[in-house]
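J.: Heads up, here are the entries from TrEMBL:
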{"type": "REPEAT", "residues": "37-70", "note": "repeat 'TPR'"}
{"type": "REPEAT", "residues": "71-104", "note": "repeat 'TPR'"}
{"type": "REPEAT", "residues": "105-138", "note": "repeat 'TPR'"}
{"type": "REPEAT", "residues": "222-255", "note": "repeat 'TPR'"}
{"type": "REPEAT", "residues": "340-373", "note": "repeat 'TPR'"}
{"type": "DOMAIN", "residues": "394-462", "note": "domain 'J'"}
{"type": "REGION", "residues": "458-481", "note": "region 'Disordered'"}
Amino acid sequence: MVSIEHVAHKILSYIPYVLVLIDMRYEGVKCGKDGSVDNHMEMGKKLLAAGQLADALSHFHAAVDGDPKNYIAYYRRATVFLAMGKSKSALPDLSRVIELKPDFTSARLQRGNLLLKQGKLDEAESDFKKVLKSNPSDKEEKEAMSQLAKSDELQRLVAEARRSYNSKDYMTAAAQLEAIIETCVWDVTSREMRAECFIQMGEMGKAISDLKALSKLKNDNTQAFYKLSTIYYNLGDHEMSLNEVRECLKLDPDHKQCFSHYKQVKKLNKQIQSAEELIREQRFEEAVSKYEAVMKTEPNVPQFSALAKERICHALSQAQQGGRAVSACSEVLQSDPENVNALKDRAEAYVQDEQYEEAIKDYETAAKHSENDHEIKEGLEKAQRLLKQSQRRDYYKILGVKRTAQKKEIIRAYRKLAQQWHPDNFQDPEEKKKAEKKFIDIAQAKEVLTDPEMRTKFDHGEDPMDPESQQGHHHPFHGGFHGFQGFNPFGSGPFNFKFSYN
């Protein structure tokens, strides 16, 4: 059992901590009741000096609550807000300081600087002039005079920028507004005007930058979000467009422009996502249909048509639809000759159609614009290898048999093709000439593939019928069709040939 002495000792050991807590609680009550503003001010000052801004702010909040007429408390809190980059919160506090103590030049000078940054030039000038009339220090006087001169220059620039903008000289207006915004970094009106200048100039990236800044500078700025959404939409970025229009509707669910635009973007975004999912599932024909629907949903924005055509090109290439893919990809490349994706997809389609030289050209063009793309490198090597292979006759392919075909299967295929392509079957001179060549190829293929020694050579990359690889050796078909003396399986017409079927 636990002894009473042990329990008593345990309780007594906690008494000092309890007394400290009671003392702390008493001090807190005392601060609250007596409005110990000085303690909060002192603690806030120390924390501010130590860079602990959030903690300092808490103490200055308490000081302001404890004494709503303490202008130093407002001023210190404004100082913390400025250090935290919260100028919007600092401005009311500085105004309250000036209201309580009109001759506090430091507060008025700081307010003038904030108003200048906001582009409120008339109000800023008023503060700077009052500083100069209130017996300022040399440093304050010098700063006020400098800022007053700057404000006068900005007034002139603003008037010039408005004239340029109204006369639709957007390039000049943008340059003038640039000079204004360098100083008036929080000037909503100047940024709105410059954003519109950039839109008119087609500088959409710069317009987006200004509009994003405006969405933060101005509360409930639905118009900025709407403009951002429409710009992204016209650039073909459906996902960013959807994000921005949703921000607009968060601020105002009944915003007519944003809601109407939202429905269009959402529908288009859904179609594109669905098409991409079909491509990932290798349902390529369905993906093509879905992207055709995209072009119908938005026929007026070229970027979406271009995207749809590029992805149709890709889907057809992946579906091994060589001819259709070449046509689709070529349409993309007519308007965008440096489109690497379309070049790669068309190259692959050319390979499927055994147009190896065309494939090599596309891969080489793509490589110029994307040097480190391993797909291009691999595709180019493949096309070059296939071209080299295609430049020698493939006797298996000529007879339409597999490399594992037996002799009987080879002879059966030969007889069928020889009958089909016998020159006597053709009357037109051009067709007869083509048939003669085909007939020779068929006969040579049969000769090579039914002879074990020649077939082995061919399987190892050597063409027994190629004069260059058979130097010093005569083969039975050297010299063209007229070398077939006594070699006609059908015994008709001017070609009196005899075939022996081994």
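For all residues, glycine too, the Cβ spot is worked out from N, Cα and C.
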J.: Using DSSP, break the repeat 'TPR' (71-104) down into helix, strand and coil residues and give each count.
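T.: DSSP classes over the repeat 'TPR' (71-104) add up to 27 helix, 0 strand, 7 coil.
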J.: At a C-beta cut-off of under 8 Å, are there same-chain residues at least 6 beyond the repeat 'TPR' (105-138) that contact it? List them, or none.
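T.: For the repeat 'TPR' (105-138), the nonlocal Cβ contacts are 71, 75, 78, 82, 87, 90-91, 94-95, 97-98, 144-145, 147-148, 150-152, 154-155, 158, 180, 183-190.
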J.: Should anything in the same chain at least six residues away from the repeat 'TPR' (37-70) have a Cβ under 8 Å from its Cβ atoms, list it; otherwise answer none.
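T.: Same-chain residues near the repeat 'TPR' (37-70) but 6 or more away: 31, 76-77, 79-81, 83-84, 100.
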J.: What does DSSP give as the helix, strand and coil breakdown of the domain 'J' (394-462)?
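T.: Taking the domain 'J' (394-462) as a whole: 51 helix, 0 strand, 18 coil.
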